[in-house]
Number of protein chains: 2
Amino acid sequence: MDAETEFVHQIALFAALLCACIVLGHLLENSRWINQSITALLIGLGTGCVILLTSGGKSSRILEFKQEFFFIYLLPPIIFNAGFQVKKKRFFQNFMTISSFGIIGTLISFAIISYGATLLFPILDIGYLEIKDYLEALGAIFSATDSVCTLQVLNQNETPLLYSLVFGEGVVNDATSVVLFNAITKFDVSDTNLNTALEFFGNFFSLFVLSTFLGVFVGLVCAFIIRKLYSGRHSTDGEVALMILMAYLSYITAEVFELSGILTVFFCGIVMSHYAWHNVTHSSQVTTNHAFATMSYIAEVFIFLYVGMDSLDVEKWRFVDNNPGKSVWASVILLVLIMIGRAAFILPLSFLSNLTRRSSNERIGMKQQFTVWWAGLMRGAVSIALAYKKFTGSGKTSQPVNALLITSTISVVLFSTVVFGLATKPIIRLLLPGSNTAESSSPRSVPLLGNGHDHDHDDDHDHDPESNTPSFKKLLKSPTHTIHHYWRNFDDAVMRPVFGGRGFVDPLT
Amino acid sequence: MDAETEFVHQIALFAALLCACIVLGHLLENSRWINQSITALLIGLGTGCVILLTSGGKSSRILEFKQEFFFIYLLPPIIFNAGFQVKKKRFFQNFMTISSFGIIGTLISFAIISYGATLLFPILDIGYLEIKDYLEALGAIFSATDSVCTLQVLNQNETPLLYSLVFGEGVVNDATSVVLFNAITKFDVSDTNLNTALEFFGNFFSLFVLSTFLGVFVGLVCAFIIRKLYSGRHSTDGEVALMILMAYLSYITAEVFELSGILTVFFCGIVMSHYAWHNVTHSSQVTTNHAFATMSYIAEVFIFLYVGMDSLDVEKWRFVDNNPGKSVWASVILLVLIMIGRAAFILPLSFLSNLTRRSSNERIGMKQQFTVWWAGLMRGAVSIALAYKKFTGSGKTSQPVNALLITSTISVVLFSTVVFGLATKPIIRLLLPGSNTAESSSPRSVPLLGNGHDHDHDDDHDHDPESNTPSFKKLLKSPTHTIHHYWRNFDDAVMRPVFGGRGFVDPLT
């Protein structure tokens, strides 16, 4: 069998497994414990076992992907969809809390994990690690949370504050971890003084600002093109194709300039859903909502399936054969550090955030704080991808300490996703009995069955004088001022509702 | 710059070019000459020139794809969408004509091209070719038409007969060429007698039947799963994801069993749009219509852009440097043979087809015959992909005759797509003045702006006693009988229109 035929066989098997994940995930959706990610992970583990047995212990994977595959193809649709579907009003209302959790929290968590590991790992005697390894590997890799699991049980309509906190923190945290990882990789640790530290923070924040700006800019250009070219003669597939390609372009351009593609494509999604979405046909609106969600859904299932299969890869486990105890202890230490690191910022930051909230309804209570803490304990695909980036390639896996860190990462991801993940539904049901999670209609489908986006937009245009629209939102709007002015004078006739009842809404007037 | 960074740069440039193609294609849509494919091809050629100049004549491509990339990723969405969007009633009404054009016509065309080339190519003295090369390369490769260009100017609503003929022939022809190519590759030409000839035709038709059956089967399974699992609690992205993945699964399974994936995924699309489409939410209906069209649209633009860039690849032209005249003559001979081969089956087969049509409205007039003939003159991505499959790999390009055939293929594709393509809009406007092609609203968007599919389905369920529903359609329905029966007894309450006005329609009752 030549390589091409083998590749076709592998793809066929993988496609069949993806279908199985979707169908089984749907069947188990109303279960008390299991969710979509865990289903995919378990199917991946099961398939890995079968392949391991049939191949005589040679391999556990159907397909082998480089870690670039994850960053170039799978992550962008997930994060773009996150930005596109987020309830913007609530996101920006809680913007300060979300960004303090996401940025300051991640930095605190990073400091605690890397400091703790520097203290505790030498005791295990696992081999020599440089300070940079501690910072990069243990700090940055393990501060990347994976809140997909929790989001699958939280409901955007029933616990909106919690949803936007967990969701927003997840995205900002993803971005922060990647930015932090890249910043440390470039940073010369051996020669630390005030200047280099300042330079580091300067780098870090310029990456943040530039990435956000790039995303907003591409989103606005896309909205402008659609408004200018497609208003007269709409073409649904042209509009949808343009939105997809320009979103991807924003991500990949950010990567070219070594910015954070995640942050860029997230803000590109927000801007597109705010400006471009209103100027396309009703069909395009429905299509973009669901097509982006579907792409993100397939990418998520793909990742968990692959992580499940990949975690049994014998290559990686071979080097810990001699010392299984060390690998277990390293994973336990990391898990405990993750838990401490997370608690260490959620309590004080929530306290600070509560000081600014007047009504008691808006405050983040203890139960909410616990949920946010819990939601961030899961480690997922971002951690694994960063670990591969750091510890594999150019034969690095052959050093025992690197192999051990890879297997510890896999253990932490598997344990946190499966064990913490399984406990998430019951815990949330216990803590927030009103949220009615699993018994209500499928949580995933609620924001997607047409209402999520529409309602959100209505929200945004509901200029309630009492709502304290944050200044950041106005800031976001200001760069569009000239376009706005132009648009106002643009053929007004175009704005009449032409297709269906909803028709076109001008978000700027 | 390492390989990974370079790859990211290449993808960024490619994404930007795709965006440019879509925007420019939209701007030029109302032009008298240009269409989307030609725009992409010209942008590809232009970029190829720029890269050729800046790289000092070393390369003309941004990215290099293997030909598998085309067959594994780009072709399936195009053909699936073709099946999904085709007006089924009309397709099956003209089924005999379409399949005779697509199968018998392609075989006639194949015979004429390969026989003509066997006679004329030795005169050119281009080097030794085996009989199998003539059959495979020249016959099968050049009988694969590319009707995407013509479809972009024909309008499904204004010239329905013509549209379904050109469209249907294009798909069946694609499938026939690939099946023919594979059948010849396996076939031992050196030992031909009646038995091997019969075996060949047996192979050919069993490939056809099995491929069709597989597509129908997967489509029905998908419809069944959606009906069974998603009726109670719909999840739009689950439904859409399942349809996409199962369609892809049908294609790749066909490839695994060495059937024709094209035919399989085409029939899978037909069955899904007939059975699965009616059982999903209204949002899913809109989303699938447009998302599949968008995927197909991006894949088409991608192919033409790549063909444009790839055609300037210096590697392939190096071997004809000594003898540019021969390459030109070979291309001219092939073009003339293509024209003769096409005329040789359209005239007699149309005559036969007209004998079975009673009303003069339904007959295929001379103008229509000319349009169908013209539409099939374009050679496109399938030809190029087959030529690469045949003549490259394992250092085959180093033989001058192989390189010459590759460059001739590229020349024929470029010439036919650009020159014939440019003339298509004016010719159709001249021949069929009533069809109102370019002046009407964008032809591409007409079947997509919500009405195409709905209307089609209403068509299909409009049980007009006078319409001679062909028996093939009944045949298609019969395998679902048990499911049908089951479905009838399935919870009837589920079938009430729940979401929106259209709600759920049972195609089987």
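Each Cβ is built from the backbone N, Cα and C atoms, and glycine gets one as well.
Automated prediction, rather than curation, is the source of TrEMBL annotations.
Sequence annotations record features per position, and here TrEMBL assigns transmembrane segment to B:7-28 (among others).
Per TrEMBL, domain 'Cation/H+ exchanger transmembrane' is recorded for B:25-428.
Summarising the annotation, TrEMBL assigns transmembrane segment to B:40-57 (among others).
The annotation transmembrane segment is assigned in TrEMBL to B:69-86 (among others).
Under the heading transmembrane segment, TrEMBL lists B:98-122 (among others).
The annotation transmembrane segment is assigned in TrEMBL to B:161-184 (among others).
Annotated transmembrane segment per TrEMBL: B:204-226 (among others), in sequence order.
Among the features that TrEMBL reports, transmembrane segment is placed at B:260-277 (among others).
For B:289-308 (among others), the entry in TrEMBL reads transmembrane segment. Long-range contacts of the transmembrane segment (B:289-308) within its own chain (CB-CB distance under 8 A, at least 6 residues past either end) are made by residues 14, 17-18, 21-22, 25, 36-38, 40-48, 61, 63, 65, 70, 73-75, 77-78, 80-82, 84-85, 148, 240, 244, 269, 380-381, 384, 413-414, 417, 444, 448, 450, 452-453.
Under 8 Å from some Cβ of the transmembrane segment (B:328-349) lie the Cβ atoms of residues 97, 100-101, 104-105, 108-113, 116-117, 120-121, 124, 126, 138, 142-143, 369, 372-373, 376-377, 379, 404-405, 408, 411-412, 415-416, all in the same chain and six or more residues away from its ends. Feature annotation from TrEMBL assigns transmembrane segment to B:328-349 (among others).
Within the chain carrying the transmembrane segment (B:370-388), a Cβ under 8 angstroms from the stretch's Cβ atoms is held by residues 37, 67, 70-71, 74-75, 101, 137, 140-142, 144-151, 154, 162, 165-166, 169-170, 173-174, 177-178, 181, 303-304, 307, 310, 338-339, 342-343, 346, 350, 364, 405-406, 409-410, 412-413, 416-417, 420-421, 424, 427-428, 431-432, all 6 or more beyond its ends. The transmembrane segment annotation in TrEMBL covers B:370-388 (among others).
Annotated transmembrane segment per TrEMBL: B:400-423 (among others), in sequence order.
As annotated by TrEMBL, region 'Disordered' applies to B:436-474.
Marked as compositional bias 'Basic and acidic residues' by TrEMBL: B:452-466.
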Top partner of the transmembrane segment (B:161-184) among B:40-57, B:69-86, B:204-226, B:260-277 - counted as Cβ pairs under 8 Å: B:260-277
Long-range environment of the transmembrane segment (B:204-226) - Cβ separation under 8 angstroms, sequence gap at least 6: 83, 103, 175, 179-180, 182-183, 239, 242-243, 246-247, 249-250, 253-254, 257, 259-261, 263-272, 274-276, 279-280, 476, 479-480, 483
